[in-house]
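**Q** Following this message is one structure expressed as C-alpha cells.
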Amino acid sequence: LAISDLSLNDDILQSERITHSIKLIEPNNPFQAVQEACELMNQGILALVSSTGCSAANALQSLTDAMHIPHLFIQRNGDGTPRAECQLNPSPDGERYTLAARPPVRLNDVMITLVSELRWHKFIVFYDSEYDVRGLRVFLDQASQMGLDVSLQQVDRNVTKVFSTLFSTMRMEELNRYRDTLRRAILLLSPRTAQVFIHQAVETNLASKDSHWVYANEEVSDTEIMELVHSALGQMTVIRQIFPLWRDTNIRCMRNNHRISSLLCDPQEGYLQSLEVSSLYLYDSVLMLANAFYRKLEDRKWHSMASLNCMRKSTKPWNGGCHFTGRISGLTGLMDFRSNGANSHVQFEILGTSYSETFGKDVKRLAMWDSDRGLNGSLRENRAEHGMQGITLKVVTLLEEPFVMVAENILGQPKRYKGFSIDVLDALAKILGFKYEMYQVADGKYGSPQANGSWNGLIGELMGKRADVAISAITITPDRENVVDFSKRYLDYSVGILMTKTEERLNIFSLLAPFDLAVWACIAAAIPVVGVMVFLLRRIQSVCSQNPPGPHQPASVTTSFQSAIWIVYGAFVQQGGESFMSSMALRIAMGSWWLFTLIVCSSYTANLAAYLTVSRMDNAVRTFQDLSKQTELSYGTVRDSAVFEYFRVKGTNPLEQDSTFAELWRTINKNQGQDNSVTSPAEGIRKVSDTVLLLTDEVGSGDQESTYVA
C-alpha cells in the first residue's frame, strides 16, 4: 500500500520506482528469518524492513550489521498482548545499520505518571502469560523509590481457572483483603483476556462499584474499549497510543489539478484505526526509505544494488549501506531517529469513563501524554467548589432519626428539617454555593423495583427526574447502584435484633410475689384449721380434768375460739402469745405448727430477696438461631426494604441451604408480608413498643429500614 501511494506522489521519488518482495516467517524463528534474508540478499536488495519479534530482530541485526544492509525494525506483539521492551544489540563497529522504527515502550513512563496523578499508594498489576514481565523492571524501580506498594499477578489463558483457584485456596478473610486489593489494579492484558477477566471478577463479586482499573495497551480499538468499559464496575481508565492525523494540503498532493487519492495525502481516520500499529509504522518506514534513497541520488552517492552471498566467509559488505538520520511526517506522526537508533516520538491518550443522561456510561479523553512534553491535562478529580453557585436543587428525603427529623416549624414558613444528614447537606451547600428545596417522599419508601420495571420511593423520585438529590439513611445495594449513583458511605450497620427494654415495676403487691396464689390460699386456710384444732384439744383437756373454774375464777384465754386463732397466728408470724399447753396433744400440735411456720418464713425470706435483686428475662432472643427456633414471638421487617430483600435472598437461595434463614423468611413473608411486616420503620417501632421484642437495622451503609419482632 505504501509503495502504491508513492507511485501516485512524485514529490519524493520522481522518475524512480520502488519494488518490494515479502517473506513470511514463523513467529519466534530467528533461523528462518536469517535464511529468508540471505535469499533476498542473493537476489539484490537496497534495504530490509522487518516486523517480527525480538529474537528474530536480534538475529537479523547481526546479519545486517555484518553486510551493512539498512534495516528498519518494527516490533510486532502477538495476540494483542502489550509490548515489552526489545533490546537491540550494539553494533560492533559503532555504525548503526538497524534502526527501531517503532518507538521504545513508554507505557512504564505513562503508568508511573498516571499512578502519581491518581495518588495511588497500593495497587496490583495483572499481566498476560505472554507478556515479558522483565519489561516492568523500570516501572517497579520507580514505584519502589516513590514508596508504592505494588503486587504482581500473572493471568493464565484460562481466566476462569484463576478465579476458581482463589476461592479454593483462600479463606473468607483473605478473599476480603484480596477484594480490597482489586479496587486499584493495572491490567497488562490483551483486549480479549481483559474482557474475560473483568467479566469473571464481576460475576464472582470481586469487583465493586468503587473500584478503579487502568487498562494499558498500545493497540486497542474503540470497539474493544467500549466492551471493556461496559463490562466493568466502577471507574476505568484506558491508556493507548494515538497518532495525530497528518493532512498535507500542499500542491504536492495534486496532480493534473486532481487531488491524489492516497493515505499519504488523505489519511482516512476510520481506515487508519482498523490497521494495526505495526502496519502504520511499516507504511512510514517505506516513506523513510524512499526519502533516504532520494537524498543519496541527489548527493550522487548512489551505489549499485547489493547482491551478497551471506553464506560465504569471503563476502565483503555492501558499500552503499547507510544509517538514516533524516526525519519525516507520516501516518504515525513525526519519525525521527536519535543517537540510540530508535524513533523517539510517541503520543498516548488517556481515556476515562463518564456518565451522561443521554448516553449513560461513556468514554471521554481525560489527558494526553507526549514523549517530549509529558502529561497534558489532569487526572485528579475536579472539585466543583464554584460550579454550583446560584443553583437550587430539589432534595427528596425520608424521615429517620437521628439522620433526618422535622424541626420546629414557624407558622407560615416551609417545613424545616434537622439531623445528621441535614448537617452534611448544609455543609455541602455552604462549600459549593447551592441552595436546596426539600420534600418528603410520598410513599415513605426507600426504593425497590416494581413488576413493571419502575422504582418506588426515593430511587423512583430520582429516576423520574422529580428530584436531583435524595438524602436519607439508605442502604447501598447492587440493584440500587445499577440505576442511581451513591456518595461514599459514611456509616455501616448490620442486621440486628432490637427489643423493648425490660421495665422494673415495684408495687405494694410485690411482697406477695415470692409465693404463688395457691400457696397463699393454703397458708390462709391452715391458720383457722389449726386454730380449731387447738380450741378442740383445749376443750377436751378441760372436760377430762373434771376441774371447771369456780364462780370467782375467770375462764382461760385458751378456752375461747378467738384466743386459739390468735395464738396460732402469733406463732405463724413468730411473735408468740399466751398459752397454757399442759397436755401432750397440744404440745405436739403447736410444735408441728412452729416447725411449719419456720420453713414457710425461711422460704419466703429467701425468695423475696432473690425477686427484689435479680432481674430475669423469660424470653431471651439474642441471635437469629434463637429467633428461628422459638414460636412464641412473631417477627417481621419493613416490606420492600433492603433487609426484606436480604432475608428473601438468604432464605430462598437453593445453594446455601440455610435452615435458619429459611425459617425466618417463612415467618417474615407470611401472607406476602402482610401479617408480620410493616410499611415503615416508625410503624414497626410503634407496633413493638406495645409488645415485647424488636429486631432492627439493616445491611449496608446507614440504611435505617427497620426489621422488627412483635
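From the backbone N, Cα and C atoms, a Cβ is placed for every residue, glycine too.
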**Q** Disulfide partner of C38 per TrEMBL: which of C310, C322, C522, C544?
**A** C310
**Q** Which one is it: of the recorded positions C38, T475, R480, whose Cα lies the shortest distance from the Cα of V621 (site 'Crucial to convey clamshell closure to channel opening')?
**A** T475
**Q** For the recorded positions R480, R648, work out the Cβ neighbour count at 10 Å and name the residue with the minimum.
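**A** Checked R480, R648; of these recorded positions, fewest Cβ neighbours within 10 Å: R648.
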**Q** Mind checking which residues reach the transmembrane segment (517-537)? Cβ under 8 Å, same chain, six or more beyond either end.
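**A** Residues 558, 560-561, 564-565, 567-569, 572, 583, 585-586, 589-590, 593, 596, 600.
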**Q** Restricting the comparison to the recorded positions T475, R480, R648, which residue's C-alpha is spatially nearest the C-alpha of C310 (disulfide bond)?
**A** R480
**Q** By a simple count, how many Cβ atoms lie within 10 Å of the Cβ of C310 (disulfide bond), its own Cβ left out?
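**A** Cβ-Cβ neighbours of C310 (disulfide bond) within 10 Å number 18.
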**Q** Given the recorded positions C38, V621, which one is most crowded in terms of C-beta atoms within 10 angstroms?
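**A** Per the Cβ count within 10 Å, the most buried is V621.
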